[in-house]
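Feature annotations, reproduced from TrEMBL:
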TRANSMEM  65-84  transmembrane segment
TRANSMEM  96-115  transmembrane segment
DOMAIN    103-480  domain 'Cation/H+ exchanger transmembrane'
TRANSMEM  174-196  transmembrane segment
TRANSMEM  202-225  transmembrane segment
TRANSMEM  237-261  transmembrane segment
TRANSMEM  281-300  transmembrane segment
TRANSMEM  307-326  transmembrane segment
TRANSMEM  332-349  transmembrane segment
TRANSMEM  361-382  transmembrane segment
TRANSMEM  394-419  transmembrane segment
TRANSMEM  426-448  transmembrane segment
TRANSMEM  468-490  transmembrane segment
Amino acid sequence: MTNEALLPSATLVKVCGEDVRADIIRPRGVVRIEPVRENKSKLKLAAEWVQEQLWDRPHSCWQDYLTLLVLTLVMWLLLVILFGDQVTPSGDMFRMLVLILCAAVAAPLTALLRLPPLLGMLIAGIILRTVGFYHVSGIYLTNVTNLRQTAMTVILIKAGLGLDPATLIKLSLVVVRLGMCPCTIEAITIALIAVFLLGWPWLWALVLGFLLCAISPAVVVPTLLDLKERGYGEDKGIPTLVLAACSLDDITAISMFSLFLGMIFSTGDLTHQILQGPTDILVGLVSGILWGIVSGSLPHRDDDLAVWKRSAMVGIGGLCAILGAPKAGFPSAGPLACVTIAFVASVCWKTQGPMSNKTQVADVFSILWRILEPMLYAFIGAEIDLTILDLHTVTWGAAVITGALLVRLVVCWVVLLGAGLNWKEIFFVGLAWLPKATVQAALAPLPLTMVQAQNPVPASDLDMASQILTVAVLSILITSPLGAIGTTIGGPRLLKQSGMAST
């Protein structure tokens, strides 16, 4: 045997799927196995770490937060490039961005506590306004209003798309009763308390009553749509009932508020003011039906971009209704027109039959809502200034709000008798009929602004207008969390879940 025969020969073999080096010494068959040692560069090691930590991990909420943070930073950088000093920490645009970001972060944190996410968004806005961080002026006030109205348009379109035609026809009379009676009786109750216990004049008392009685679509609609998608209350059409009555409630409240406020300051003809409410309802319905038919007919269902074109038709039409109706002299017609557009268009689409594209218009607006939701609730919260609250007004305001809510619950119970609902379902509708936010945040400063525009300023009117603003803020603080928590937690407990959730 030669010495060369005893020298080891090296070869690569697979052991348990890993490359190892085997040194085999002949003829005795001695085998020495050790893993292959590769000299990896630092760049390759870093790439493997990134893959292991980010790409190969299962999806988690923390990746969503990191994505949101990175997107926010790069968007801020882009805005700095475009607008310069306006986006620096001393600018109004920067304050708006921080407000929206805080609301977006507060939502999942609130959800961890098993509370409605919108509550966290509202609180974020309230805190930033109260500590003095958030304050905007000039064109940014208009921008904030337009963003808030855009978000409202999206949620109202979602409400219209979620209405069931058969249920709506079946419950049409109940919708009218629920949309008009509770808010009217609640407003009269508040006015009676203000007149006989606080000594207010009738007109100012009615202004307060119809301001406080309007429910908030921003709080009610998302919760109802979530329950509808999970099948709760669908067997009796409860989501459709509440969603349809929501617009009618707001039209009644806004029209009567505008009527009595106009009578105080003698703006416009009294006959015109009295007819404003019915006129707004008619204009909202007619314009909504007409544009809904157009949106439901164009484009053709076989168009490759049919979903996106349909979404644009409905979305732009709804936004024109929300933003344009007040400028056209119909202040409360916009929300009804927006819901009607979406409802009529969806009926037309269903009549035409299904499309090959699995993506639906409702999916498009669901994505838009996820983007705009923090803006809506953050801006509503930022309208609430806790520094204006005083103990005396808070005390009697809380008592008035509590009494009015109890009356509203009783009236809801009465108007729903004979509608085929059991006591649990009626109680749920009462809970859904409590929240105040959107209308109050938008209209509460108006009486004070009109009083301050007078010369000289009547001291008594100034005091009542200031108290109206305070009580409106208080109503948002009390009823928004109460209604949101009540419907979110109470819905699955009070409503029966259908065999198949709505899609």
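Yeah, the Cβs are placed from backbone N, Cα and C, and that goes for glycine too.
If you look at the transmembrane segment (307-326) against the transmembrane segment (394-419), you find fewer than three C-beta pairs under 8 angstroms, all six or more positions apart, and that falls short of contact. Of the Cβ pairs linking the transmembrane segment (332-349) with the transmembrane segment (394-419) and spaced 6 or more residues apart, fewer than 3 are under 8 Å, so the two regions do not touch. Non-local neighbours of the transmembrane segment (96-115) in the same chain are 61, 65, 68, 72, 75-76, 79, 87, 121, 123-125, 128, 133-134, 136, 140, 143-144, 373-375, 377-379, 381-382, 484-485, 488-489; each lies 6+ residues outside the stretch with a CB under 8 Å from one of its CB atoms. Across 281-300, 361-382, 468-490, stretch 468-490 shows the highest tally of CB pairs under 8 A with the transmembrane segment (394-419). Within the same chain, the transmembrane segment (237-261) packs against the transmembrane segment (174-196): three or more Cβ pairs sit under 8 Å, each pair at least 6 residues apart. Contact check: the transmembrane segment (361-382) against the transmembrane segment (202-225) gives at least three Cβ pairs closer than 8 Å, residues 6 or more apart, which meets the contact criterion. When Cβ-Cβ distances below 8 Å are used as the criterion, the transmembrane segment (202-225) is approached by residues 116, 118, 151-152, 155-156, 158-159, 162, 182-184, 186-192, 194-195, 239, 242-243, 246-247, 249-250, 253-254, 256-257, 260-261, 263-264, 335, 369, 373, 376-377, 380, 400-401, 404, 408, 432-440, 443-444, 447, 461, 464, 468, 471-472, 475, 480, 483-484, 487-488, 491 of the same chain, each at least six residues removed from its ends.
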